Amino acid sequence: MPTDHEQPCGPRHRSFCLNGGICYVIPTIPSPFCRCIENYTGARCEEVFLPSSSIPSESNLSAAFVVLAVLLTLTIAALCFLCRKGHLQRASSVQCEISLVETNNTRTRHSHREH
C-alpha cells in the first residue's frame, strides 16, 4: 500500500517492476522502487526469495521424527536379540555344568561301589 509520499508509477515506469511487483515513485526521489509480491525480492523484484533453511519446515521435522523412530526401534530390536542370544548361551553353559556335575556324581558313586 502506498504511503502519503508514494505515488504509483506513470506509464514511463509501468514495466519497471518484475514478477508482479508494484511500481511506486516518491516525488523527491528520481528513480522508482518496487513493492514485491510474496516470494520475490530485490530492487525490481527480480530475485526469488527462498525461505531460510535454518528454520526447519514441518515436513523436515516429520522426516526427522520418522528416522529417529526407526533408529530407536532397530536399536531396541538389536538389544533384545543380543540379550536373548546371550541368555541362550548362558543357559547352555549352565546345562553343561549340570551335566558335568551329574557325570562326576555318577562316577563318584560308581567308584564308591567298586571299593
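Note that Cβ sites are derived from N, Cα and C of the backbone, with glycine treated the same way.
Per Swiss-Prot, the residue from the list Asn60, Asn104 bearing the note N-linked glycosylation site is Asn60. Between Cys9 and the candidates Cys17, Cys23, Swiss-Prot records the disulphide bond with Cys23.
In Swiss-Prot, Cys36 is paired through a disulphide bond with Cys45, chosen from Cys17, Cys45.
According to DSSP, Asn60 (N-linked glycosylation site) sits within a helical segment. For the disulfide-bonded residues listed here (Cys17, Cys23, Cys34), the lowest count of other CB atoms within 10 A around the CB belongs to Cys23.
Neighbours of Cys23 (disulfide bond) among the recorded positions Cys34, Asn39, Asn60, defined as a Cα within 10 Å of its Cα, are Cys34.
Here the CA atom of Cys45 (disulfide bond) lies 7 Å from the CA atom of Cys34 (disulfide bond).
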